[in-house]
Amino acid sequence: MAENASERDPLLQKDQNTSYDVNSIGSRIEYRVYTRRWYMLFVLCLLNFSNAMIWISFAPVADYSASYYNRSLSDINWLSIVFLLVCFLFGLGASWVLDTLGLRTGVLVGAWLNGIGAGLRIISGFSFIPLSYKFTVVMIGQSISSFAQPFVLSSPTKLAALWFGANERATANMLASLSNPLGVLVANVVAPNIVSSEDKIPLMLEVFAAPAFLGVVMTTLGFCSSVPPTPPSHSAASQSEPFFVGLKTVLRNKSYLVLMMAFGVGIGLFSCLSTILEQIICPFGYSDKMAGNAGAVLIGCGLLGGALSGWYVDKSKEFELTAKVSYGMSAITCCFFAMIFKLPDQASLVLVASGLFGFFAFALMPVCLELGVECTYPVAEATSAGLQWIMGQASGIILIIICQVLAQSKTDQELPDAKCRKSDKQGGHIQDLTWAMYFLTIVAVFVAIIFIILFKPRYHRLIAEREQIFLPDDAATGIRTLPSSPSDSV
C-alpha cells in the first residue's frame, strides 16, 4: 500500500493510453512488477545483514573486547543490549517515518545511521583516542547503529507489499528478514577468526564496517523511489490508513494482538537463548567451541526453515496452519533441549536439539510478519511489523533479565564437569542456568498453546485482492475500508 497521497499518485496516474475509475481499478489496471525490485531487496538484505553484524560483533570476542577497552564484561554486554533498548523505545518512530514519509526515506535514514555508527566504531580503535575515551566512542557508534535497526527490520514487509506480486511477497519478506540472523551467524564465525588477541579489535571493526558502507552507497544511489510507477497487485494500489488511525486499529484487533504476543515472545526466546546458550550448556561438560557450534547449527537450520516456510506460504497461502505447526514444533523441540542439555557426553543430541529448535522457530519469522499485514490490512505494513519487532525486543530484554535472576552460583565441586570458567579477572562462581532453561521452556509451551487456540485470523488483504472490494464512500479517495469480523476486534 502506498504511504500517503503524494506517494500514491504514481500508482494511479492517468495517461493517454490508460482509462479507469477507482471503483473498477481491479479490472482496468494492468499490474506489473519491475526488475529493479530485486536490487532494492538486495540492498535491504545487505542493510539487515550488516546491522546484525554490528549488533553482535563484540559478543563472540567479549574477553578480548573487555581487555582492549579496559572495561568489564558487563559493560561489553551493553554494546549488544543497547540495540534491544533502542528498538523497543524508538520502534514506533521508525514505523511512523516508513509509513508517513515513505519507504525510501526510512531506508535511507536506516542506511546512513548504520554507516555513521560503523564509522565511529572504527574511530574508537585509532591510536590518538585516549584509552579512557575509547569505550565512550565505541558506545556512541554502537548506539547510532542501533537506531538503524527498527528502520531496517520494519522495511521488508513494506518493500514486499509495494514492489512484489502476491505470490512473491512472503519470499521477499523471508529473504530480507532472515538476512538479520545470517549476519549474526557470520559475525559469530568471523569475529573469533579475526580477533586472536586484543590488538586485533580495530581490524574487526574495519572489516565489519565494509558491508555497512556499501549499504550506504547502494541505498543512496539506487533506492530511488518508495513505490513503482505501476502497482504489482490490487492491495499495493490503495492508500493506507493514517499512521495513528492505523495504530489504534491494530491495537483493537484481537487476532493481531495474539499474533504480536506470540511473535514477540518467539523473538525474545531466540534473543535470550542466543545470548545465554553458552552459559546454559558449558557447566555440564560442553566447551566454548561446542557452544559456538550449537549456536551456528541453530541459526543455520533456522535459515533453512525460514526459507522453506516463506516459499511454502507464497505458493499455498496457508499462513495460519504453517504458523501454528511451526510454533507447536518450536515448543516441543525446546522441551527436548531442556531434557538433554544436562546429559554428559551428548554433544550430538545437543546439536540436533539446537538445529530442530532453530528450524521451526525461524520458520515463524516470515510467516508471522506476513500474517501481521493480512490481519491488519489496510493498516500500513511498517506499523504492523514495527509493533511485532518492538514486542520481540521487549520480550528479549525481560527474558534475559529473568534468566539472570534465576541463575544459581555453583562451585567447582558442585559442577565438576564444567568447562566454562570465568577468567581470574572476573572471579566468582559458575552460573548454573538450569532453572532459567526450564523457565524458557514453560514460556514457550504456554505461548504456543495460547497461540494455537486463540489465533483465528481473517486474511483481509487476500480477500480484498480476490474480491477487489471498495466501499462506495471510498471511491473518491481510493482508501479501502474493509468490513471487520466481530472476532477481530476487542
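If you go along the chain as it appears here, the first residue is 1 and each next one adds 1.
In case you wondered, yes, glycine gets a Cβ from its N, Cα and C as well.
Now, the feature entries from TrEMBL:
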- 38-58: transmembrane segment (TRANSMEM)
- 40-460: domain 'Major facilitator superfamily (MFS) profile' (DOMAIN)
- 78-98: transmembrane segment (TRANSMEM)
- 105-129: transmembrane segment (TRANSMEM)
- 174-195: transmembrane segment (TRANSMEM)
- 201-224: transmembrane segment (TRANSMEM)
- 256-281: transmembrane segment (TRANSMEM)
- 293-313: transmembrane segment (TRANSMEM)
- 325-343: transmembrane segment (TRANSMEM)
- 349-373: transmembrane segment (TRANSMEM)
- 385-407: transmembrane segment (TRANSMEM)
- 435-455: transmembrane segment (TRANSMEM)
So, do the transmembrane segment (201-224) and the transmembrane segment (78-98) meet, by the test of 3 or more Cβ pairs under 8 Å (sequence gap 6 or more)? no
At least three Cβ pairs under 8 Å linking the transmembrane segment (105-129) and the transmembrane segment (293-313), pairs spaced 6 or more in sequence? no
Interface check, the transmembrane segment (325-343) with the transmembrane segment (38-58), three or more C-beta pairs under 8 A: no
Ranking 38-58, 78-98, 385-407, 435-455 by the number of C-beta pairs under 8 Å to the transmembrane segment (174-195), which range is first? 38-58
Answer key: the stretch among 38-58, 256-281, 349-373, 385-407, 435-455 with most Cβ pairs under 8 A to the transmembrane segment (78-98) is 385-407
Any chance you could find the range in 38-58, 256-281, 435-455 with the most Cβ pairs under 8 Å to the transmembrane segment (385-407)? 256-281
